[in-house]
């Protein structure tokens, strides 16, 4: 039976084994997917052992996405630009392909929620690894503009410069944004995990916009609660992005795209128990 794994530290909280087990059942694939705690300085050894034992592919979560980027012998274009890898696949020639499916997971979840991105103005909050991983797939949807904002403006400017060849992307200081100019706001910061807000002006929120928080929790996230209370038309958390990036990884490994909607519904139910 083909074996797959997710590496992380910590890893006990990972929903990936649950998601991929449902995907395998849905698509009648004979495969096993487990979670493995890798030592903080031991990703390479853990990956070596896994692939040497016949492993076919793995997902990578914090803090190993940059280690996985270095580990891969080949990189997809989106992984190169993301500077991080969340999916590894053993190739027939023995090489290891590194890919990043996070951004596609985000886009697929937005589309599943009937959020149109073509011709829209998108504000991306944050300029860390989570933001960098989603910019290329967002630009591929042809928004009229993607603005990156961050507390440290220079980081946002660096990302805007990196992705400028791929679409209309710019940067802005977070304290200069005070007009309701955006159709979609995506929060890529992890501030909400500790109940914090990213520091946006309330005047950005309007009734016909979508606010998306890339983190998720059993209850509404701090960012989405803030946006909803200010009258945002739709708020979405990152649970669907988690399922979407998993579906993209599954497609890379097995050549079949599983359906996300049913798995997301089941995952949401378990999260709220």
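Note that Cβ sites are derived from N, Cα and C of the backbone, with glycine treated the same way.
Among the candidates 49, 86, 113, the residue that Swiss-Prot annotates alongside 14, 15, 16, 61, 102, 216 as binding shikimate is 86.
Cβ-based neighbour count (10 Å, all protein chains) for residue 14 (shikimate binding site) stands at 19. Annotation for residue 86 (shikimate binding site): spatial neighbours 59, 60, 61, 65, 68, 99, 100, 101, 102, 133, 245, 249, criterion Cβ-Cβ under 8 Å with sequence separation of six or more. Looking at residue 216 (shikimate binding site) and residue 129 (NADP(+) binding site), their Cα atoms lie 17 Å from each other. The distance from the Cα of residue 15 (shikimate binding site) to the Cα of residue 214 (NADP(+) binding site) comes to 15 Å.
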